[in-house]
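A.B. asks: Found this in TrEMBL, in case it helps:
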type	residues	note
TRANSMEM	25-47	transmembrane segment
TRANSMEM	53-73	transmembrane segment
DOMAIN	96-241	domain 'Palmitoyltransferase DHHC'
TRANSMEM	147-167	transmembrane segment
TRANSMEM	201-225	transmembrane segment
Amino acid sequence: MNFFTTLVTFENLHEVRRLCHWGPVIALTVIAVCTSMAIIDSIIWYWPLDTTGGSVNFIMLINWSVLILYNYFNAMFVGPGYIPLGWKPEKVEDTKYLQFCRMCQGYKAPRSHHCRKCNRCVMKMDHHCPWINNCCGHQNHAYFTSFLLLAPLGCSHAAFIFIMTMYTQLYERISFGWSTVKIDMSAVRRFQPIMPFSVPAFAATLFALGLALGTTIAVGMLFVIQMKVILRNKTSIEAWIEEKAKDRIQYYQTGEEFIFPYDLGRRWDNFRQVFTWSGSPVGDGIQWTIHAKCHQHTLTIEQLKQKADKRVRSIQYGVVEDYNGACCPLSKGLNTFFRTPCTEEPRIGLRRGETILATRGTKGNQSLGESVMTFMLISTSSRNW
């Protein structure tokens, strides 16, 4: 009873609410459909109690499911780790190298960024993932990446089972004519399976095969992207910051040499910063192992320079039409409606006569002052008043 009371705290119950979101609902539905159909088709195709191969196939299938769910739920509920509210560096003089977060009323530690969805500054933030309804960051990066690896492997195994089931069940039921192909699902097979393979079973297997192949391709691509940044000890955000640093140096011809401070050189050393035998990543989320030619605030200083540069390059525009911040404003015309950015980021409500600073635009929107849609696009990326 004490153990149960310890687990069920207010905070844990609050975390369970992360399941009530379209991302986890879709992800868990795909996992449930592929797993259940693979188990059923395994029984039809390769009964596990008859042969050693069937038993190995069935055990592997169950293992994929357990490992996928273990890493998925850990990525969701362990979370990325958050900077304490009101955090300040130990040395007061270091505050000049850091950005201040007005939402958390504290300074942003190196590698941390504020997430609008989580409403907290996240340690080593990579991105906010809607599929786990949480951020991918310092504490759960390994679990998230492991899930991205295991999901395609498990789906590939399930897809193989689906294909073999359909092949073995339809082989004796297909007859070929000169110009037709006939499938007789009522034909009696030489070896009757434990469970019947009817038309609904065929349709469900075909549907599950599509889900499995789609997941393998989509999630597999995400895994490759994540491994590229992990092997350089970066995050997706930091890769973007590094790219902007090179552009800034080239644009102003400053002659600076920007060295990414967290790339330790060897890929294996970078890999071990995220994946460890203990399951916990290296570091406390505030202090980091850095390159010999850098210091703890090399990246934060570059971020401050980019912020200053963004203010210099920003262009002032006047709002010529009211906009209430709606996601799909029908009242602004079909052009604006169909070009709404596909993002969960909040839109900024605007009033006629207000002034905004636009720091970036999009192709095809040359006249920023004439389209409310343009302000919607800008508001999803940056808000500068």
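The chain as shown is numbered from 1 upward.
Backbone N, Cα and C atoms are what each Cβ position is placed from, and that goes for glycine too.
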A.B. asks: Residues sitting near the transmembrane segment (25-47): Cβ under 8 Å, six or more positions beyond its termini, same chain?
C.D. replies: 19, 53-54, 57-58, 61-62, 65, 68-69, 72, 131-132, 151, 154-155, 157-158, 161-162, 164-165, 168-169, 193-195, 197, 201, 204-205, 207-208, 211-212, 215
A.B. asks: Tally of helix, strand and coil residues over the domain 'Palmitoyltransferase DHHC' (96-241) according to DSSP?
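C.D. replies: Counting residues per DSSP class in the domain 'Palmitoyltransferase DHHC' (96-241), I get 70 helix, 22 strand, 54 coil.
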